[in-house]
Amino acid sequence: MAFPIADDNLKVTPPQHAPGAGDVKKKADGRWQNLRHSWKTTDFALLWAGSAISTIGTRTLGVAYPLLALALTDSPSVAGWTGFALTIPILVFYVPAGVLVDRVPARSSMLFAEFMRGLTVASVLVALPFGGPSLAHLIVAALLEGTLWVLYTLAETSLLPSLVQPATMRRALAKSEAAAHAASLAGRPLGGYLFGVGHIVPFFANAVLFLVSSGLFFHVRRAPARPPSGPSLLRDLLQGFRLLKGQPFLRASILLVTITNLMVNALIMIFLAGSSGLPSLTVGLVLAAGGVGGVVGSIVAFSCRPFRRMLMIHLWIWVVALGCAAAGAALDQRAPLFALALFVTGLGGALSNVSIRTVEVDAVDPRALARVVGVSRLSAHGALSLAAPLGGLLVSGLGVTGGSVLLFAVMAVLAVLVSSVPSLRENLTPALPAAADVGTSVDVVPPAVEHHA
């Protein structure tokens, strides 16, 4: 089967300017009516539900694979390598997966990824009653899970804009963001609980989850066919970087999100290093605060007008959050103030994610969206691999209090610098899409006439 051929003339279109406040009418009764109506848009509802189920599966497996490695080998080192196998595809496959998704129909990519994830989990499931999978089997399964998750997330990002009207895109993205945070919040503890019930249980549950999500995605209509993309894989690999070069806001937002991801995850490592003596439940609740903040931030993004200076707000939210953590470490009130810090970063992160994704959809040619998002996520998620060693170094050299204060000081200096330099401020302030979609429903795009295989 021949791949479509790439178009060398792909361009990034500048976002349209947001209308004035008087252009958007907010009616409380209409908003709730529209909210009910939005769930009747079958394709978006199917995608939303399938994505939530798939994310729950991903998060449970993120816990279950390392726990199974530990149970089979009694080696924390092997468990660590298994966890690493889940995350290494983030550093390796985001950019090439973006090329693949831009060349192959997004719905087909999602179905392939979910089906193969189900088969991978089933292979581990079948091996468990017979002494368990070998170490090589387990590592390969974890690598496949991580790789297929990367492919799935880019395909979902590429497909969603074709299912809703541009005027309501932001609200659809807010719903998607809320589902991701809620699923992550539920999935990690669920993975540990199911593994405690029985080693086979989380893998059986995930085989079922991936089967259900595949069925939901199968009933999502295909997006209209895209114009063919170009013949050169190397050119397509580099195109995501080239397109970002022409988008100052997206470039600046990637850099900011990379820095803040590094900071907050280093902060989590600092908290864990200083959590001896705290009950396990307390530690779990503190770590869960970020997910709760993400859900709340998504609800705010769904309900309110977009903030044009959201990324500047994002920057100062991180200053406040890291200040809370530094105060908690200094005052020996780590649990409540670290929880508050993580809640605030989760809230700000969700608001920023919705704003960034809205601009991506509005500004980037749909034929290149997965490539641009692949580059963006490579940078943002790649920072996570450095966070744990950074947090460990800070605790080793400065202690919990010193490490927390240093993170706060660096973020405060960065915020003051960006706020005081007009060109930096402007790069973090995009023109919002023309449709400020408060009070409107998530309307489905009318289906194109097509033939299903």
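Cβ coordinates are placed from backbone N, Cα and C, and glycine is handled just like the others.
The region 'Disordered' annotation in TrEMBL covers 1-26. Residues or ranges marked as transmembrane segment in TrEMBL: 45-72, 78-101, 121-144, 193-218, 252-274, 280-304, 311-331, 337-356, 394-418.
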Tertiary contacts of the transmembrane segment (121-144) (same chain, 6+ residues out, Cβ under 8 Å): 61, 65, 68-69, 72-73, 78, 81-83, 85-86, 88-89, 199-200, 203-204, 206-207, 210
Closest-packing stretch to the transmembrane segment (280-304), where packing means Cβ pairs under 8 Å, from 45-72, 252-274, 311-331, 337-356, 394-418: 337-356
Chain residues in Cβ proximity to the transmembrane segment (394-418) (below 8 Å; excluding those fewer than six residues from its ends, i.e. six or more beyond): 259-260, 263, 266-267, 269-271, 273-274, 312, 315-316, 318-319, 322-323, 325-326, 328-330, 334, 424-425, 428
Within-chain partners of the transmembrane segment (252-274) [C-beta distance under 8 Å, separation at least 6 from its ends]: 244, 283, 286-287, 290, 311, 314-315, 318, 321-322, 325, 329, 334, 338, 341-342, 345, 349, 352, 356, 359, 375-376, 379-384, 386-388, 390-392, 394-395, 400, 403-404, 407, 410-411, 414, 424, 427-428
Cβ pairs under 8 Å between the transmembrane segment (311-331) and the transmembrane segment (337-356), at least three: yes
Remote residues contacting the transmembrane segment (193-218) - C-beta distance under 8 A, at least 6 residues beyond either end: 46-47, 49-51, 53-54, 56-57, 60-61, 63-64, 67-68, 71, 107, 110-111, 114-115, 117-118, 121-122, 124-125, 128-129, 132
